[in-house]
Amino acid sequence: MTNSRRHIFERICAKAFQSSLTCSIFGFTVLLILYLLDWKRIAQVPGPNLLKDLEFQRAWNDLEYISSLPHPYNSKQNEHVRSYILKSMRELEATNQSYITVIDDTLTNITFESTDNDTLTYFEGDNILVKFEGKSKDLFPILLSAHFDSVSTGYGATDDGMGVATVMAIARYYAKNQPNRDLIININNAEEDYLFGAKAFASHKLSKNVTAFVNLEGAGSGGKAMLFRSSNGHVSSAYFKGNHYPLASILGNDFFKRGVIRSQTDYIVYEKMHNHTAGLDIAFYENRDIYHTRKDDINHLMPSSLRHMMYTASNAVKNLLNDSKSDLTKFRKPMFFLAFGKYWQLNLPIYQVLNIIFAVICPIVLLLTLIRFPSLYEQLKKPRYTVCFVVSCIFVSIFDTLTVLLLTWINPYVINSHTGLILALFYLTNLIALAFSFRAAATHSKLSSEDLSSIEIVFIWYAQILWYLVFIVSVILSIYFQLGSTYWVTLSYLCTFTCCIMTIIRINYFVDNVVTTQTTHEEDALIGSSINTSSHQHYGSTLNSTPHRRNSIALSNRAHVKLIDNIWTVIYFIFNVPFPVFLCYDILVETILPAGSQTLTDSVFSSKLYKLVIFVVFLSLVNSGPFIFRALSKKSLAVLTMLWITLFVQALSVNPFTESAPLKLSFVQMYDMDRMNNTVYVKNISPFTQDVLSLNPHFLFSNGSCNTSLCYYESTDPDFGGLKTPMSIHIEREKHQLDISINSGSKWCYVDFNTSVFFEAINGNSISGMYSSVRMGQRSFYAPYTLNLTITEVVKAEVTCLYDDIHEGIIPAYNTFVEHLPSWVAGVKASTGLLKVKSSIVI
C-alpha cells in the first residue's frame, strides 16, 4: 500500500512538472515572491520615531523657508536664506556651550587659474561654518557639508534644501551632545556656480586637518537619498554600520568618474583637499527631469525623502565621529553592492584579485570535469549545437540593434519619461528573439529527439562560455579603469558556473539510473508481448494479472524518471536564470535608468544609453535560452509577438515628454549695451524647441530662427528700474598703470581682453600674473569691482555682468518665455546668468 501511494505521488509530481515551462514558472515564481518581499523591505524609509532626537518637524519648517523662492548666489533671496540659516546657527552658540563656535566667513577670498593658465577666477566666499570641538584632541576632524544656494530657475527644495535642513538638524543635535572628535559644518554658497563655496572652504584654516567628510546633495528631485560615491572602504562602512535603510550603488562612483553623469558636486573639491580627504557623497537622484526646474519645490516632495536623508546622514556622521582611528584616509578604494537583500562590502583591490582567481580557476575546474565526462565533451563539440547557439546569439544581436536603431531614429527621447515601457519592450525583444532563433536553428539543424533531450545541458554550457568572455572583458575594464560596477557580471558568471557544476552532478546521477531506464524499456517490450498473448485468454484468468502488474511498475518507473528530470530542470533554472535577471533588473531600475534616462537632452544626443540597457537585458536573459527554447510553444510565441508589436508601436508614437518628466529647455538672454539690442538663446532640441517657441509671440514677431544647436529671437529688454545703463565702467590711467572700476549691481562680472595683460590686484587682493580673462564673484551687489592692471599697448576688453534674480523683475524675457511653455516643458538656466549684459571698451 505504501509503495502504491509513493508511485501515485510521483506520477502526480511528474504530471505537475511535465514541461520545461511549468518547471520554469515554478522556479521563477518562488524566487519572484522572495525578491518582492525583500524589495518591499528595501523600499522602506525610517519612520518619525527614529528621528526624535533630530527634530524632524523643525527641519521640515527650515526646508519650507529655504525653498520658498529661487535663491541663486546672485540674488537678494539668497541673502535672506543666508541670514535665516546664520541666525539659526547663532542660536546654538547662544546656548553657552563652550565647544560650539559659529563663523560668519566673509573674509575668505580665493583666486585660481584655469587649466590653460589664461583665465583667472576671483571669488569672495560667504560660507557659514560651525565647529563642534570634540572630547578627544588626538583625532582629526570630520566635515559635514551642504550648499544653500539654488539655481536661478528652481526653488532648490531637493538641490539642496533638504541637505541644508539635514545639516541644521544634525547641528542642533550635537549642540546638545558633544561629539567624540571635532565636527566642522560647512553650509556653503555658490555651489551651483562651479563649486566655489567648497573651494573657498578648502582654503580656510578649518579645512587643514579634516580627515573625512559627508557631503549632502541633490542630483535629482525627491525619492530616497543614495550613497553615490565613497573614497574608501572604511568610510563606506561608516555609512552601512547600523543603517537599517541603506541605499547605495557603486555605479555612482563609476558614472561620475567616467562622465556618464556630467554634473558635479562639492565631493570632488573636498576629496582633493590637502592629503586627499576621504568622504561620502549622499545625494537624491530620482526624477532628474524636474531637477533644476521650478517643480523642485516642497509641493513635489514627500516628508519620507527628508526623513531618509536625515537618518542615513546622521548615522554616517555618528559612526565617523565615533571611529577610534584618527586618520581615515589611508584605506583602499571601496566596493559595495546589493545581493540577496543585503549590501556586501569589500575593497576594490580584493574584488579585482577575486575576479582574476575566478577567471583562472573556474575554467580549469570545468575543463577537468570535461575530462572526467568525455560524453559531455562529445556533445559540446557537435557542430550543429555550436551553430545553433552562435546563430541564435547573432540573430538576437541583429534584432536588438534594429530595434534600437528604429527607436532612436523615430522617437529618440522616448526613454526620458517611459523607462518602464522601454524596459518591457527590450525584455520582450530579447525573450522573443531567443526563443524564435533557438527554435528555428534547432529545426533547421534537424535535431533528433535524443538531441533535444541533451540540448538543455549543452546550451547551459554555451551560455557559461559566453558569460566567461563577457567576464574577462569586465575584469580588464575593472583593472584598467578602476571600476567596481562590473560586479553584476562577476555574480552572473558565477551563477552559470555553478549551474554547469549542477549539470555534472546530474550526469553522474543519470548514470546511476541507467539500469532503471533500461528496465523500463525491457518491461515495455514484455508488456507488449504479454498483451498480444493475453488477447487469446479469457477475462479474469490468472495469466492476465502479470501484464497489469508489469504495466504498473513500468509506468511508476517512468513517472519517477520524469519527476527526477524535471526537478533537475527546476534546479537549473533556479541557479541559472532568476538571480542574473533580478541583478540586472535592479541595476537598470535603481541606478542606470534613473541616472541616465533623463540626461539625453543635456548634451548632443547619443544612443549609448539604449545600447547599454538592451545589452544588459540580453545578458540577463541569455541564460533562459535553454528553457524558453523548449518551454514556449508556437502559440505562446505568437501571443508574445503581438504584444511586442503593440509595445513597439506605442514606443514609436508616444510623446517622450510629460508634465512629470518635462523637456528642459535652457535659456539665456544677451543684452549688448553698445548696440542696444538683446537676443534670447534657447537650446534647440529638434523638433520640439521650434514647436514650443511657435507659441511664444516674441519668437513669432521677431522672426526668430534656429540652427542645429540654438534657437534665437529678440525679446523684451531687461528692466533695471529706470536705469538706461545698468553697468558703468570707470578707468583711471597713470602711464602704464590702469585702474578699472565696474559698478553693475551684480555679484558676477567677467572681463575678457584681446590679449594677455598683467594683473596686479583685484579688489585690493594681490594677484601678479598675466591673463587674458578674469571671472569675478563678490559678496556685495553694490560694491564696485576694481582691477589694477599694467598694460604697454592698446587693449580691447569686453565686460560682461550676469543677472539671475527672476523675482526682481530684471529679466521679463524669461518670465514671458516660461508663461508660453506647455505643461510638458520646463525652462532651465543655460549657465551662470540668465541675463548677460555686456559692453566693450578700448584702453
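One-based numbering along the chain as shown.
Just so it is clear, glycine is given a Cβ too, placed from its N, Cα and C backbone atoms.
The topological domain 'Cytoplasmic' annotation in Swiss-Prot covers 1-16 (among others). Across the topological domain 'Cytoplasmic' (1-16), the prediction's mean pLDDT works out to 55.
Residues or ranges marked as topological domain 'Vacuolar' in Swiss-Prot (evidence: similarity to another entry): 38-347 (among others).
Feature annotation from Swiss-Prot assigns N-linked glycosylation site to N96 (among others). Its Cβ placed at the centre, N96 (N-linked glycosylation site) has 6 other Cβ atoms within 10 Å. In the three-state DSSP scheme, N96 (N-linked glycosylation site) is classed as coil.
The N-linked glycosylation site annotation in Swiss-Prot covers N109 (among others) and rests on sequence analysis. Here N109 (N-linked glycosylation site) comes close to Y122, F123, E124, G125, N763, N765: these same-chain residues lie at least six apart in sequence, with C-beta atoms under 8 angstroms from its C-beta.
Taking a C-beta cut-off of under 8 angstroms and a sequence separation of 6 or more, N117 (N-linked glycosylation site) has no same-chain neighbours. According to Swiss-Prot, the N-linked glycosylation site annotation covers N117 (among others).
The annotation Zn(2+) 1 binding site is assigned in Swiss-Prot to H147, D159, E217 on the grounds of similarity to another entry. Reduced to three states, the DSSP call for D159 (Zn(2+) 1 binding site) is helix. Counting every protein chain shown, 28 other Cβ atoms lie within 10 Å of the Cβ of D159 (Zn(2+) 1 binding site).
For N209 (N-linked glycosylation site), the same-chain residues 6+ apart in sequence whose C-beta sits under 8 angstroms from its C-beta are F140, P141. The N-linked glycosylation site annotation in Swiss-Prot covers N209 (among others).
In the three-state DSSP reading, N275 (N-linked glycosylation site) counts as coil. Under the heading N-linked glycosylation site, Swiss-Prot lists N275 (among others).
Y291 (site 'Transition state stabilizer') falls within neither a helix nor a strand when secondary structure is assigned with DSSP, and so counts as coil. Marked as site 'Transition state stabilizer' by Swiss-Prot on the basis of similarity to another entry: Y291.
Cβ neighbour count for N322 (N-linked glycosylation site) (all protein chains, 10 Å cutoff from its Cβ): 13. Taken from Swiss-Prot, the feature N-linked glycosylation site covers N322 (among others).
Within its own chain, the topological domain 'Cytoplasmic' (369-386) has Cβ neighbours under 8 Å at 445, 447, 451, 454-455, 457-459, 461-462, 500-501, 503-504, 507, counting only residues six or more beyond its boundaries. The topological domain 'Cytoplasmic' annotation in Swiss-Prot covers 369-386 (among others).
The annotation topological domain 'Vacuolar' is assigned in Swiss-Prot to 408-417 (among others) on the grounds of similarity to another entry.
Taken from Swiss-Prot, the feature topological domain 'Cytoplasmic' covers 439-456 (among others), and the record attributes it to similarity to another entry.
Annotated topological domain 'Vacuolar' per Swiss-Prot: 478-484 (among others), in sequence order, evidence recorded as similarity to another entry.
Here Swiss-Prot flags 506-566 (among others) as topological domain 'Cytoplasmic'.
Residues or ranges marked as topological domain 'Vacuolar' by Swiss-Prot: 588-608 (among others). Taken through DSSP, the topological domain 'Vacuolar' (588-608) splits into 10 helix, 0 strand, 11 coil.
Here the candidates are the recorded positions D159, N275, N322, and by Cα distance the one nearest N703 (N-linked glycosylation site) turns out to be D159. Counting only same-chain residues at least 6 apart in sequence, those with a Cβ under 8 Å from the Cβ of H147 (Zn(2+) 1 binding site) are D160, G163, V164, I187, N188, N189, A190, E191, E192, G197, A198, D266. Excluding H147, D159, E217, which define the Zn(2+) 1 site, the same chain contributes A146, G156, D160, G163, E191, E192, L216, G218, A219, T265, D266, A283 within 8 Å (Cβ to the Cβ centroid), listed in sequence order. For the topological domain 'Vacuolar' (478-484), same-chain residues at least 6 beyond its ends with a Cβ under 8 Å from one of its own Cβ atoms are 250, 253-254, 257-258, 333-337, 348, 351-352, 355. Reduced to three states, the DSSP call for N322 (N-linked glycosylation site) is coil. Away from its own ends, the topological domain 'Vacuolar' (588-608) comes close to residues 219-220, 223, 249, 251-252, 255, 260-262, 285-289, 291, 338, 404-405, 408, 412-413, 415-416, 419, 423, 616-617, 661, 663-664, 683, 685 of its chain (Cβ-Cβ under 8 Å, at least six residues beyond either end). Neighbour counts were taken as the number of other C-beta atoms within 10 angstroms of each residue's C-beta; across the glycosylation sites N677, N703, N754, N788, the minimum falls on N703.
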